[in-house]
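I grabbed these lines from TrEMBL:
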DOMAIN    5-282  domain 'Homogentisate 1,2-dioxygenase N-terminal'
DOMAIN    284-441  domain 'Homogentisate 1,2-dioxygenase C-terminal'
ACT_SITE  295  active site, proton acceptor
BINDING   338, 344, 378  Fe cation binding site
BINDING   353, 378  homogentisate binding site
Ligand SMILES: O=C(O)Cc1cc(O)ccc1O
Ligand SMILES: [Fe+2]
């Protein structure tokens, strides 16, 4: 397959032409755009959003998006609409949860749209606040089917199997250890690449109902570090001029609809704007940590954040745990015991996570996930605690060949019935990870 081309950078105003001269020389809406193209604006923020936050793109396409048949219902498989605790689709629990790698029956026969299942969420797409976390399992490419989400932006994190994502803005290759963001309203189509017969791709999606992902502030870290602006990549414009029947599926108010049209939705010959999809290679992350003592909070590993209206508090922080050196002196080095006022949904993408070394009986295995809800006590398992309390504190590299991720949210994540009761993947003995923690207390008088 040909190597795809990208524009580098984050938050840029990108001008991209699949045919030179396809962007208007002056203004966005000339009387007759070049080459007989139609001009169409896609807004990512209110027209009136402050300039620093305003996002929109102009698409110059063979036919305008409006040229399609009426909407008809589409049966969504396992995507949940309401996250209220008493909704019949919800099974809320304060219990620490861990899942074996999630799977769907018949995953090899499903495409990305039909292979999505909601794990947990909060809030409401109608009032544009909150988030949902989904898993996808798919063995089929979408072919002449496209999808767009009117409910939120989607941060897609492949765990197994490479994806090739065609969008209105061009095509992105997104293998495991890359992530991509496809914003609200952008039509895209997911192809699975290089799968063996009967296999399926798996990954996780963080859907934010409000706002957009942005780079975290760096504060005293300075102008450089964590995810670098130059490492984000946006596809170059690419178009298909084919007149054949396509189905476009739309997630709208958490329901699904579909329409037919007689041409490819990927007919954008040129685009100009800052509302654009992008990908990022997690391996490029510049990981920071303590070089004296102590265990910094994992916010230091934030790749992207979707802020809420409360300063410093996210609808979703996207955090990663890459391979890194630990050198801190007189420090218990793995994650500490803690009770967070945020919800922590983690996924192990590859290798061994340093707080959960015990793989006996399954553990936090690649493809698996965990949820530590608001105030739910958690931390290193008994085996990790024992080992790390006695370890010689020489510089050590942790997580060689591994990558775990976390979606951390200020909202209370309500788990779905599917995730808790029907998936069959909940580890009912997860609580035992901590049951073996020994009592070491020795008050001075008994010493
Ligand atoms: O729970 C977890 O494993 C994630 C996590 C890691 C860490 O180093 C500190 C706090 C935290 O929540
Ligand atoms: Fe945690």
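The first residue you see is number 1, and the count goes up from there.
Placed from the backbone N, Cα and C atoms, the Cβ positions cover glycine too.
Each of these features: where is it, how hidden is it, and who are its neighbours?
Around residue 295 (active site, proton acceptor), the same-chain residues six or more apart in sequence whose CB sits under 8 Å from its CB are 328, 331, 332, 333, 334, 335, 336, listed in sequence order.
Classification of residue 344 (Fe cation binding site) by DSSP places it within a strand. For residue 344 (Fe cation binding site), the same-chain residues 6+ apart in sequence whose C-beta sits under 8 angstroms from its C-beta are 370, 371, 372, 373, 378, 406, 407, 408.
DSSP assigns residue 378 (Fe cation binding site) to a strand.
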Roughly how many Å separate the Cα of residue 353 (homogentisate binding site) from that of residue 338 (Fe cation binding site), to the nearest whole number?
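So the Cα of residue 338 (Fe cation binding site) lies 17 Å away from that of residue 353 (homogentisate binding site).
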Among the binding-site residues listed here, 338, 378, which has the most company in the form of other Cβ atoms within 10 Å of its Cβ?
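Per the Cβ count within 10 Å, the most buried is 378.
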Counting across all protein chains shown, how many other Cβ atoms sit within 10 Å of the Cβ of residue 353 (homogentisate binding site)?
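Counting Cβ neighbours of residue 353 (homogentisate binding site) within 10 Å gives 26.
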Should residue 353 (homogentisate binding site) be counted as helix, strand, or coil on the basis of DSSP?
coil
